[in-house]
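If you check TrEMBL, you get these features:
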{"type": "TRANSMEM", "residues": "B:20-43", "note": "transmembrane segment"}
{"type": "TRANSMEM", "residues": "B:50-71", "note": "transmembrane segment"}
{"type": "TRANSMEM", "residues": "B:77-99", "note": "transmembrane segment"}
{"type": "TRANSMEM", "residues": "B:108-129", "note": "transmembrane segment"}
{"type": "TRANSMEM", "residues": "B:158-181", "note": "transmembrane segment"}
{"type": "TRANSMEM", "residues": "B:210-229", "note": "transmembrane segment"}
{"type": "TRANSMEM", "residues": "B:249-271", "note": "transmembrane segment"}
{"type": "TRANSMEM", "residues": "B:283-303", "note": "transmembrane segment"}
């Protein structure tokens, strides 16, 4: 009995200390994909994300004095594994980062019940921009419809008009690849261009000769690509092989990875990618990452990768999350915020030019602000071009014409809510607020 | 309607014969690579009744080893030699550690063991080489990278030097394999094991030696396939899925037939391309390559359950 009492006391003490130890951090898990067919895209992004939080933890003791545990749960970009990871981590997480449109769509209804914000920077379901309907979901700082809008705007500026043009839409045959279709179809009618959707199956990513034969036969004026992982390298090499003019080939931001273009090198010169982030090795934040993370042997990255677009984007993504955490901490006066407080923080990010400078992210992300109703921020971005060795900016800061699809966002959000009824909405949220 | 589906595609073919030639060429290149992968499966199945689920990851592992060794400063062709040594070591290890203890176990156990090998190689590959996309050392190996631009019938036909090389090398490899299987003692031993396991063992054919040999041959095939596909779109773990294209080839040609693997691979490569271009894209929204080969194989299985070239199984009850 005496033994039992001692054991029980030890267990209680251990549990208390354990709880205290666990409580001294903010748990912000990342549903990473460093393995599988999409790993080539995932690794630099995950490294950038991890290194930023490692730097904050080492330099500032975390955010607001509390360390951030950005533990990864490996999904291999598989929707099933992603849902498992969500279930495994949701108990103590303040945010979930699903990293695939497929996983995002699966966990979207769950987060409403579990009340955990989804942070899906630059991906996910485009109508998530409507914060009134999707109160727990954020696709900050730009969504896929923003990307489609900017690409069409760029092509219009280049041609004067898209009237009579033919645009092939080469996309992964996956929820992600189909995301911009509603807007592209709408704009094809309005601007009188012919839209030619060309799907690429997951098993055909590296052998796209049929898709590029179709492109050769149809002779589109432009090819717009929504590719991910190995699909991008496959498409770019086929484009070179079939002698498609690279200057007429534009990808979304996930199709603008340096490693994919290095396979073709100078032959890929002229290829473009719209992007809401840009790598800046000279930015102060990169010097801090070098000092506190790389030099300390805590980084999994390498200098070549760190100079690339995707690593820089990973850094920006973690910076956005850290800004959301900081905003919540300031509002609620506590360092150890919970998931609902983080939601408030993510709804009140204000990345002004000054704040971007202050964070050391000079030139790496355009300014944007979120609100209760606007969960995207619509930061806009830059058109990047591969010059044969690296991506360079070939446009000024572009902004999407959101007026074009505000109604589409509202309609599709309402459609989703109705299909998933009863779907709780945030009635306190005023549109525009 | 009937004209659109059954006549118009052929009219299109004859209207643009240069384009048809391009489609057939692309189909041939894919087909010969499918045939090569299918051969890896067939050799192992014939000699051991094991359906080697690990063939796909062996392609990735071989390509990664080659690129990884070269990145360490090893000259390109020495890297090829060393990769072959690694694949041989892998074959010996698989035979000793995985297969030998499972001799006599049901086929499904051996199949499960190859899934285990797959998972191990994925983990080992990612730990050693990382998951990033890597550039195949095409130029360093002396593989030409330009193209011939021809103008048949006043049209356009682009033949990549790389693809021509792939077709030649794969054809030579297939012929070498056929010669090996038909005219060497070891090759005959492999065939004997495939024909009758017990009889082959009773005349002194060593199961262990043959297993190491066939897994090593599968490793060589994996390396050639890895170089060919890696040169097209980089070396990454996505290459693994290419091997799954060999499954309908096996269903079509028969799991035990070398001729079936070759003919099945070429048939599927060309027919899926023709169907996608002339029927899939105009009428079905494209991306039919993901299912066409399986449907074709299923139709064949309805009439010939053993595949086009497989041996008819007669079981007495």
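Every residue gets a Cβ built from N, Cα and C, even glycine.
What you are looking at is a predicted structure, and each value in this text was computed from that prediction instead of being measured.
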Checklist line | Within-chain partners of the transmembrane segment (B:283-303) [C-beta distance under 8 Å, separation at least 6 from its ends] | finding: 4-5, 245, 247-249, 251-252, 267-268, 271-273, 275-276
Next item on the list: Kindly say whether the transmembrane segment (B:50-71) and the transmembrane segment (B:210-229) touch, using the definition of 3 or more Cβ pairs under 8 Å where each pair is 6 or more positions apart.
Entry: yes
Notebook entry, point to check: Where else in the chain does the transmembrane segment (B:249-271) make close Cβ contacts, counting only residues six or more beyond its ends and a cut-off under 8 Å?
Noted result: 24, 27-39, 41-43, 45-46, 51, 174, 177-178, 181, 194, 292-294, 296-298, 300-301, 306-311
Notebook entry, point to check: Sequence-remote contacts (6 or more beyond its ends) of the transmembrane segment (B:158-181), Cβ cut-off under 8 Å?
Noted result: 22, 25, 28-29, 32-33, 35-36, 39, 43, 138, 143-150, 187-188, 190-191, 217, 220-221, 224, 228, 231-232, 258, 262
Notebook entry, point to check: Mind checking which residues reach the transmembrane segment (B:108-129)? Cβ under 8 Å, same chain, six or more beyond either end.
Noted result: 48-54, 56-58, 60-61, 64-65, 67-68, 94, 98-99, 102, 237, 240
